[in-house]
Amino acid sequence: MALKAKYSLVAELLQAKRESGKTFSQIAEATGLTNVYVAQLFRRQAHLKPSSVEALKKAVPQLTPGMIQQMQEIPLRSYDPDIIQDPTVYRLNEGVMHFAESIKDIINEEFGDGIMSAVGFYCSVEKQKGKEGEDRVVVILNGKYLGHTEQKSADNLASSSSKS
């Protein structure tokens, strides 16, 4: 799907959501998905699995069969590079970058040499009251740990099969 067509579909999906009168969190509650995953579906950054189709149609009846069909296609996961100029996105990026080295250090101390995968990744946003009664944003990033492997030539199946 070309980017122009994707942006057009995203606009239609977000319009259907607005017409439903529901928030991403309300749709998430109705479908059993996380609120960020629901937002990803409407932004075509995730693909709708068959097991969630009926719940999503029930939660947002404004979605047409064509929209549902397109939501089930594997998306082109992309973003507009100008999005970084949005203050929320900029500050979120700033926060992650500011804490990234320390988070990496702790991952390495607690798990070993490896990474947090963005595949099999869960993300949600919650609202919480702070100690002075202020609203606080809680972003939960929940990724699978993948340890780096020592690359031994004997274990490289592609290498060993090409020598046969």
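Positions of Cβ are set from backbone N, Cα and C atoms, glycine also.
TrEMBL does not curate its annotations; it predicts them automatically.
Annotated features, as they stand in TrEMBL:
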- 78-151: domain 'Cyanate lyase C-terminal' (DOMAIN)
- Arg91: active site (ACT_SITE)
- Glu94: active site (ACT_SITE)
- Ser117: active site (ACT_SITE)
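All protein chains included, Arg91 (active site) registers 11 other Cβ atoms within 10 Å of its own Cβ. Taking the domain 'Cyanate lyase C-terminal' (78-151) as a whole, pLDDT averages 92 in the prediction.
Taking H, G and I as helix, E and B as strand and the rest as coil, DSSP gives the domain 'Cyanate lyase C-terminal' (78-151) the counts 30 helix, 22 strand, 22 coil. Ser117 (active site) counts 11 other C-beta atoms within 10 Å of its own C-beta, drawing on all protein chains shown. Other C-beta atoms found within 10 angstroms of the C-beta of Glu94 (active site) number 11, with every protein chain shown included. With respect to their backbone Cα atoms, Arg91 (active site) and Ser117 (active site) stand 22 Å from each other. Note: the CA-CA distance between Ser117 (active site) and Glu94 (active site) rounds to 20 Å.
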